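Encoded as structure tokens, the structure appears first; notes follow it.
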Amino acid sequence: PFLGMGTWNLQGAENTTEAIAAAIEMGYRHFDGATAYQNQKNVALGLKEGLRRTGLKRSDIWVTTKIWSTRHGSQALSGMEANNAELGLDYVDLTLMHFPIGTVGNKSVYDYVATWKEMEKHVGETGKPTRFIGISNFNETMIDELLKVATIKPKVHQIELHPYLQQSSFVDLHKKLGIPLTAYGPLGDTNPMYLERASKADAPPKLLSNPTLVEIGKARGCTPAQVSIKWNMERGITVHPKSQHKNRLQENFDAYSKCKLTAEDMQKIKDIEKTHSYRFWDICASQLGLPCYKGLQKGE
């Protein structure tokens with residue numbers, strides 16, 4: 001599904017469960033999680049409750065999760081199985097390699113090729129832990145090296161994308177390769193986890209306060225958040241903004257149908273990066289021990 005709900009930083013069992021259940025009632029059918037989010041058991045309760053309220057079946061929703069760096073290489077299957085157990089599901093629709101960096105003991109390694117080859121063994125429509133596999137936080141060199149050995153092309157590549165980090169050339173590359181993109185952080189610095197980088201001296205103004213987004217929103221009868229979401233969708237990119245507040249969940253969900261952007265609007269948003277260009281999330285070198293984004297816009 002083209003619009004989903006992110007679950008990163010959803011906190012508290014009751015809040016998480018109700019947010020997920022309410023989202024299903026609103027019409028959300030795509031949910032994005034991960035081992036690292038440490039909330040999948042609560043997400044599971046929300047999925048179960050949402051399906052109960054609506055009478056939908058498991059097959060009516062799309063669930064994505066990600067394996068963490070400690071579950072790379074030969075540990076990939078155990079990472080998949082652990083995620084599915086937390087989510088209370090026999091299978092997930094999509095499993096991503098969260099980062100191209102593995103952790104072996106105290107050592108960080110680029111083991112994404114070996115990990116991908118292991119993930120390929122466990123994909124299928126029946127009797128397998130995941131229907132599809134994909135990647136997240138790769139750069140161009142990593143994608144090239146992966147595709148040289150892959151027998152299964154990544155179903156999706158999930159990366160940070162918003163009007164302050166448009167990555168247009170990287171987006172074009174994925175179109176040529178036939179690998180769909182999913183945007184995390186589509187609302188920029190609204191995620192509390194981004195506050196450290198958002199508070200740095202070189203950080204731009206709050207994305208949702210950007211005058212261009214505000215102006216377009218007023219002209220089109222939608223909010224700056226809806227403008228940002230719809231802008232990515234108009235580029236052919238799946239988005240899954242996160243919120244646990246029902247009014248914001250509804251606002252995000254309505255972005256596709258209620259926010260009509262013109263070609264002129266799209267150009268104005270594209271021009272934002274002439275003034276402001278910023279990556280809010282980069283834990284690779286600092287926390288995982290190796291860089292991920294070399295060669296990319298605002299990559300380190």
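Glycine too: its Cβ is placed from the backbone N, Cα and C atoms.
As recorded in TrEMBL:
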DOMAIN    3-273  domain 'NADP-dependent oxidoreductase'
ACT_SITE  Tyr37  active site, proton donor
SITE      Lys66  site 'Lowers pKa of active site Tyr'
BINDING   His98  substrate binding site
Quiz item: Around His98 (substrate binding site), how many other CB atoms lie within 10 A of its CB?
Solution: 23
Quiz item: Taking the Cβ of Lys66 (site 'Lowers pKa of active site Tyr') as the centre, how many other Cβ atoms fall within a 10 Å radius?
Solution: 25
Quiz prompt | Average pLDDT across the domain 'NADP-dependent oxidoreductase' (3-273), rounded to a whole number | solution = 96
Quiz prompt | Nearest-integer angstrom distance between the alpha carbons (Cα) of Tyr37 (active site, proton donor) and Lys66 (site 'Lowers pKa of active site Tyr') | solution = 10
Exercise. Pop the Cα-Cα gap between Lys66 (site 'Lowers pKa of active site Tyr') and the residue listed as 'substrate binding site' into the table, whole Å please.
Key: 5
